[in-house]
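**Q** So TrEMBL says this about it:
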BINDING   D27  UDP-alpha-D-glucose binding site
BINDING   K163, D187  Mn(2+) binding site
TRANSMEM  371-388  transmembrane segment
TRANSMEM  456-479  transmembrane segment
TRANSMEM  491-511  transmembrane segment
Amino acid sequence: MLVISTVLSVMAYDYPPEKLNIYLSDDAGSAITLYALYEASEFAKHWIPFFKKYKVEPRSPSAYFAKADSPSDACNPKEWFALKVGMKNSYAFCCNLAHLDLIVILLVPGTLNFCHGGPPYMFFEKILIDGNKQKITDINGNALPTLVHMAREKRLQEHHHFKAGSLNALIRVSSVISNSPIIMNVDCDMYSNNSGSIRDALCFFLDEEQGHDIAFVQYPRNFENVVHNDIYGNPINTVNEDASIGEKLYVGGYIVKTTRKTGLGVANPMSWLEIGVLQPGKKGLLGMAPISLGQILVQHKRWTEGFLQISLSKYSPFLLGHRKIRLGLQMGYSVCGFWALNSFPTLYYVTIPSLCFLNGISLFPEMTSPWFVPFAYIVMAAYSCSLVESLQCGDTAVEWWNAQRMWLFRRISSYLLAAMDTIRRMLGISESGFTLTAKVTDMQTSERYKKGMMEFGSFSLMFVIIATVALLNLAYMVFGVARVLLHEGATGLGALFLQAVLCVLIVAINFPVYEALFLRKDSGRLPASEKSSKIVMRPAAASSPCLPASIFPGSNNGTGLFQTIVGLKIRDLYEQIVAERAAVTTEAVKV
């Protein structure tokens, strides 16, 4: 019910209701979401007068009642408990309707419209509260904001452009119903935590001197479910602080100014200037951070794949921005654009130096060499600055360490697969896909998260890569140190000191992986089945310098890691093709 909580919190903004229009984009076309939205519209008739009367915050009912176990002194206890029970009953009733199909639409009153968005698309919209025509009011007779549910048609043979297409559809529909000059975009897993944040943002647009130069005002993304010393490094205080001093990126909700032409919302940023993230005293938006490693990795794979596709297209900052923006700004945008390509040097540094350490091959300067000083200085300076910056922004040293772990995991899994999928797409081997991330987690996962336990759970190719790298470095460290001590003594570590330190750090940072592999017995362990355990162990053995990767074709004398990844990717592609053919056959049989 995250979506409903978001809608109710947005309806409760401190803004004239006749000028507030809420549109819910339901790309799944879910009947249960439509009915849940109707229940929310009915509950809003009681909720809005309640918070106006008692000035309660936050104005998301689920967030408010979760934080308040009992009514405050200002609230009427009978009214408070009645609203809490009503909210629970509405949520429970919607969940019980989950087994019903599109017949639920018939239960929802309101105006039903079908509007063409241009061939080959059609939009389905249902106006639940029409603030312009039907004078629907709350229990006190006050007007309510317009509330619209929208779903768009999707066809397998036509590209629907994912989230961008959804936003375009919203602009088309809103241009017909409300045609507002200001648009606010909020993710479904976030809610308004500050009822006055709209007015704060509009102050920038209404500024007499610079208002016409401002394109959008952006809120930082903050999470309410993040625990102290979060295992996933979810706190993004450093990111928010960087954004507030000039490095603009999309990290939450934003309000954008549009120009309208023939009923269609057109954003025209050519003559606009950006503005930094809006940092009010009270957080404007709060969301739910992902508390599963799989969710985080899939999310970052989706982001980095999209960034790389843009950077390699005609919309690249270096092509589209040539002679339009400064070179430094082009390079700044490219930091995110080429995230995926960072996977290749990272994968090299977490495998090859450790492998050479095992075989006694020195890659870095010895401790007695004058070149050792610049190597050590660069490493120490970079990580010291990173740690100090994180501490200054409010994070702890443990959170910084966890963030370094996630940085490594993302680069060797999400970024790597994003780069490979983008290359496959450019070569015409595969088409773009869109992997959904789960927004709801079970109680056991939440409890493990609070205890600082990393959640793996189901089998994933990204987990295979992470576990392979972790097992490789553990083996390289143990056998490498043993080889040096047995054959050369402690003095033999001098020439391999930097590689030994790197290998030890990689092993230390992968401790949650070893814990999930060998120590844990819960459902969040890795691997989750005997089959995935064998798949994890085989690449580790195949990557040994003594054992070729016999389960995949390739060289007999390399590390085997690259051919292992390629082999697994080929297998994944094969399974996708088989699944698509099976689906087509099933549909043909039904017809």
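Just so you know, glycine gets a Cβ as well, placed from its N, Cα and C.
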**Q** In whole Å, how far is D27 (UDP-alpha-D-glucose binding site) from D187 (Mn(2+) binding site) when you measure between their Cα atoms?
**A** 13
**Q** Enumerate same-chain residues with a sequence separation of six or more from K163 (Mn(2+) binding site) and a Cβ-Cβ distance below 8 A; give 'none' if the list is empty.
**A** none
**Q** With every protein chain in view, how many other Cβ atoms are within 10 Å of the Cβ of D187 (Mn(2+) binding site)?
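**A** The answer is 16.
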**Q** Looking only at Cβ atoms, how many others are within 10 Å of the one on D27 (UDP-alpha-D-glucose binding site)?
**A** 17
